[in-house]
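Participant: Reproduced below are the annotations present in Swiss-Prot:
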| type | residues | note |
| --- | --- | --- |
| COMPBIAS | 148-162 | compositional bias 'Polar residues' |
| COMPBIAS | 169-178 | compositional bias 'Polar residues' |
| MOD_RES | Ser64 | phosphoserine |
| MOD_RES | Ser211 | phosphoserine |
| MOD_RES | Ser272 | phosphoserine |
| REGION | 148-184 | region 'Disordered' |
| MOTIF | 49-58 | motif 'Nuclear export signal' |
| MOTIF | 212-215 | motif 'Nuclear localization signal' |
Amino acid sequence: MSKIFINPSDIRSGLADLEMAEETVELVNRNMEDSQAHLQGVPIDVETLPEDIQRLHITDPQASLRQDMVDEQKHQEDEDFYLTGRENPLSPFQTHLDAIGLRIVRKMKTGEGFFKIWSQAVEDIVSYVALNFSIPVNKLFEDKSTQTVTEKSQQASASSAPNRHEKSSQNARVNSKDASGPAALDWTASNEADDESVEAEIAHQIAESFSKKYKFPSRSSGIFLWNFEQLKMNLDEIVREVKEIPGVIKMAKDGMKLPLRCMLGGVASTHSRRFQILVNPEKLGKVMQEDLDKYLTY
């Protein structure tokens, strides 16, 4: 009888192919679940929305009934208390937010990075609020004390001198505060302590899993492994970049477990050329969002 010899390396490669096939099947099933999310009552992904969102009209009988009641109440109110579109400061702000939302949808359809889009949107919103809703510093220290006029002129004249003295001392305190900066600077010590504790917590959790490899979706519909060591970055630089990911600072302040795979993917997608070549950006965005949602619900 002839004997058939099998090379052990062939067995190992076959087992590796089986493992890759199982992981690919899991990834395909997950993608199928994501594509059928609208059938399960899960919110639809932003990428599936049409470009012209204004054409969408979702009808709800109860909502229309409530709207009719609200309209009737508005007609019954006095017209003097009604704010037109020009007088209401929230109307242009809502228009600005709608424009930012449309811009985000267009950029995500072009395949641009999520965190880059989000950071630009946050900067636009913050700059708009700072320009249109800013409160002068002098109003924070405005003297709201009232002075009642007494019937006796002698008491009024006698109290005028100390009132002037108190007013001058109060103005001196206001000037000293204005010279030293806004009132928020009094909180710098506590803010610095909070920032140091947050950075320490983030650095601690990253250092514990610095060499641990995490799975990421590849462009070839498979997966590949990556860890923090392959970033070739200092721990301080990684922590600085990770703090830009939404929700990480809040979780670190609360002492929660951080989404390390999401953090690694966010930093690597902007600082590692090899990672950018290997990873599938669309699937990476979904994986990172799933990790954030999962850890924030704990």
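Placement of Cβ uses the backbone N, Cα and C atoms for every residue, glycine included.
Quick caveat, the model's predicted, so the values are computed rather than measured.
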Participant: Rank the modified residues Ser211, Ser272 by how many other Cβ atoms lie within 10 Å of each Cβ and give me the one with the fewest.
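Facilitator: Ser211, out of the modified residues Ser211, Ser272, has the fewest neighbouring Cβ atoms within 10 Å.
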Participant: Kindly report the helix/strand/coil residue split of the motif 'Nuclear localization signal' (212-215) according to DSSP, in that order.
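Facilitator: For the motif 'Nuclear localization signal' (212-215), the helix, strand and coil counts are 0 helix, 2 strand, 2 coil.
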